[in-house]
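Copying in the features that Swiss-Prot gives for the protein in this structure:
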REGION    1-24  region 'Disordered'
COMPBIAS  1-10  compositional bias 'Polar residues'
DOMAIN    14-166  domain 'N-acetyltransferase 1'
BINDING   Leu88, Val89, Val90, Arg96, Ile97, Gly98, Arg99, Gly100, Thr101  acetyl-CoA 1 binding site
DOMAIN    168-317  domain 'N-acetyltransferase 2'
BINDING   Val254, Gly255, Val256, Gln261, Gly262, Leu263, Gly264, Leu265, Gly266, Arg267  acetyl-CoA 2 binding site
Amino acid sequence: MAEHPTPTTSDADETTRVVTPRPEEASAVLDLADRAGAADGHPPLSDQTRVLLARGGQLWWGATQGSDGAIDGAAVLVPEGAAAVLELVVDPAARRIGRGTALADAAADAVRDLAREDTTSVWAHGMLPGAVRLARRHGLEPVRELRRMRLSHAALAALPEVRLADGVTLRGFVPGQDEQAWLDVNAAAFADHPEQGSLTRADLDDRMAEDWFDADGLLLAAREADGRLLGFHWTKVEPDAGADGPRVGEVYAVGVSPDAQGLGLGRALTLAGLHRMAEQGVDVVDLYVDADNTAAVALYTSLGFELFAADAQYRRP
């Protein structure tokens, strides 16, 4: 293998373009991400990137290959309007031989070609030392910390009961009925969140098509008087969770409409989802929260969640 392999892409032009990877290419990158995630304990690609790869969305990507021709490293750059988000992943068996450096250099060229040098964010999932070194080598600085918090099995077994405000009821999501109402509440609840608040109907449909989606696990808080949606807790339990370790559930998203603040819905919804996942037999529960969202961090800490890992987002100063 070459010490500094030249990344290949599905686009033969010298000028960088946003393209759609072939299905077999996308599948290979997703398999690579699964291998790396299993080895590192941290998923190297965000859900949005995985969804785009799976559905054939448009993005820039580059890859390195081993002597057998198999993809052993990949960089994925997802355009978001005038900005972009970059993620890199290298097979655990192909590290420390220049794969990450080659991919980062190719991605930097792509960012320049796409005129997004000042608006591209780069994720270092798990803040692995190699990823942090690459970010610094390219003159990037951390601008955001995403904490991964975990609720232990003991804490999960000792959860307090759910207390709902008067006039509020809980129910499961109904496909074909609740999509627009959910999108409206999600957009309002996450108006300042760069990923969650921008979800579209297509994004929602893609997630509903995932094998882990469970309509009853997307809990909705509604006003009894008129059925108006006030908030939600979207839980996530992978079908094969627990196959190679603890069975992990996830607080995928908790959102409360701004005009329903003050009713204690954030705590009630979080607890309701945790109880449901406990009934499903999960061993522990994870969640992701921005470090500067002090109110949410305080809520989760009060329920027994502890810091487990962290992701860092880098950008040019």
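Backbone N, Cα and C define each Cβ position, glycine as well.
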Given the binding-site residues Leu88, Ile97, which one is most crowded in terms of C-beta atoms within 10 angstroms?
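Counting every other Cβ within 10 Å of each candidate, the maximum falls on Leu88.
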Check the domain 'N-acetyltransferase 2' (168-317) for me and report the mean pLDDT.
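Mean pLDDT, the domain 'N-acetyltransferase 2' (168-317): 95.
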Pick from Gly262, Gly266: which of these binding-site residues has the biggest number of other Cβ atoms within 10 Å of its Cβ?
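Of Gly262, Gly266, the one with the most crowded Cβ is Gly266.
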Compare all C-alpha positions of Val254, Gly255, Val256, Gln261, Gly262, Leu263, Gly264, Leu265, Gly266, Arg267, the record's acetyl-CoA 2 binders, and send over the largest distance in angstrom.
15
Among all the protein chains here, how many other CB atoms are within 10 A of the CB of Val256 (acetyl-CoA 2 binding site)?
23
For the recorded acetyl-CoA 1 site formed by Leu88, Val89, Val90, Arg96, Ile97, Gly98, Arg99, Gly100, Thr101, name the remaining residues of the chain with Cβ within 8 Å of the site's Cβ center, in chain order.
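Going along the sequence, the neighbours appear as Thr64, Gly73, Ala94, Arg95, Ala102, Leu103, Gly130.
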Can you name the residues of this chain that are 6 or more positions from Gly264 (acetyl-CoA 2 binding site) yet have a C-beta less than 8 Å from its C-beta?
Arg163, Ala165
If we count other C-beta atoms within 10 Å, could you say which of the binding-site residues Val90, Arg99, Thr101 has the fewest?
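Among the binding-site residues Val90, Arg99, Thr101, the sparsest Cβ neighbourhood within 10 Å belongs to Thr101.
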Using Cβ atoms only, which residues of the same chain lie under 8 Å from Val254 (acetyl-CoA 2 binding site) while being at least 6 residues apart in sequence?
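Result: Gly231, Phe232, His233, Trp234, Gly266, Leu269, Thr270, Gly273.
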Do me a favour and check the Cα-Cα span between Arg99 (acetyl-CoA 1 binding site) and Gly262 (acetyl-CoA 2 binding site); whole Å is fine.
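Computed Cα spacing between Arg99 (acetyl-CoA 1 binding site) and Gly262 (acetyl-CoA 2 binding site) is 50 Å.
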Excluding Val254, Gly255, Val256, Gln261, Gly262, Leu263, Gly264, Leu265, Gly266, Arg267, which residues of the same chain place their Cβ within 8 Å of the centroid of the Cβ atoms of the recorded acetyl-CoA 2 site?
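Neighbours within 8 Å of the Cβ centroid, excluding Val254, Gly255, Val256, Gln261, Gly262, Leu263, Gly264, Leu265, Gly266, Arg267: Ala221, Gly231, Ala260, Ala268, Leu269.
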